[in-house]
Amino acid sequence: MGKTNQSFVTEFVLLGLTGYPELETIYFVLVLCMYLVILLGNGVIIIVSVYDSHLHTPMYFFLSNLSFLDICYTSSSIPLFLSSFSTSKKTISFAGCGVQMFLSFAMGATECVLLSMMAFDRYVAICNPLRYPIIMSKASYVPMAAGSWIAGCVNSVLQTSLAMRLPFCGDNVINHFTCEILAVLKLACADISINVVSMVVANMIFLVVPVLFIFVSYVIIISTILRIPSAEGRRKAFSTCSAHLTVVIVFYGTILFMYAKPKAKDSSGADKVQVTDKIISLFYGVVTPMLNPLIYSLRNKDVKAAVKKMLC
């Protein structure tokens, strides 16, 4: 009887900032400006990496992949987010929600692996500079980047298929700006233990392992730099990895802040806490991709020189 009365979901309602109309206009303008900066900054990084022959190196190949990834990641959610603010339509189709989850998972996992590949590139450049052209040849760094994309997409196919095979009946309101996986799983009217286990395993592989790899790489890098006798040599060595290290700290720092911060126990302020969490999640998805090209362009003479050369 219960099964015959179920009305299965064909679309989801994205709650967003419903109930806070005064905030919607402010965040629409802010996010739109940030999205334009993301497209411009990351687009410039990709163009100069292809245009300037001096930037045809493993580091800038990885960087252009990172920029392309950031454009794809933000473009999978921000246009829908802006549309929901500017129109009364707050819905997304079941298939559209699946596509958005797939892109979000794929881009997130790929970025974690790609950052670890970039750490390995900096490790070889500083700790084995004489062997760098051999170890980081085109036959090595292209498959490394391709492997990052393939690994991220395989993980995304698994996580998305496990989520979308679940039956969704009754409530179809997602208390978020996008089809965030945890918010979607809360609406499933079936056991989600398999989804939880698969996500824990995926987090270990695509989040914890890359973090450990990056940490070990930079421990060795820093110890190598400190053994350089001249201060000028140490400064140059630090400058070659400072931009990547800054991006890693911003990326993983925001993830840690989002998911490790203590939850409020006061139920009377639960609504405000939920709004705050959603805004933090929104800016995590926008601020980090916006900062990446700024960090690499402001702290990198090669990129600034390539941009000036291209403009001239």
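The backbone N, Cα and C atoms fix where each Cβ goes, glycine too.
So that you can see what the record holds, here are the features copied from TrEMBL:
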- 26-48: transmembrane segment (TRANSMEM)
- 41-296: domain 'G-protein coupled receptors family 1 profile' (DOMAIN)
- 60-82: transmembrane segment (TRANSMEM)
- 102-120: transmembrane segment (TRANSMEM)
- 141-158: transmembrane segment (TRANSMEM)
- 204-226: transmembrane segment (TRANSMEM)
- 238-259: transmembrane segment (TRANSMEM)
- 279-298: transmembrane segment (TRANSMEM)
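Contact count against the transmembrane segment (238-259) (Cβ pairs under 8 Å) is highest for 279-298, out of 26-48, 60-82, 141-158, 204-226, 279-298. Taken together, the residues of the domain 'G-protein coupled receptors family 1 profile' (41-296) have an average pLDDT of 85. With pairs at least 6 apart in sequence, the transmembrane segment (60-82) and the transmembrane segment (204-226) have fewer than 3 Cβ pairs within the 8 Å limit; the two do not touch. Through the fold, the transmembrane segment (141-158) approaches residues 58, 61-62, 65, 101-103, 105-111, 113-114, 117, 120-121, 198, 202, 205-206 of its own chain, all at least 6 residues removed from its boundaries and within a Cβ separation under 8 Å.
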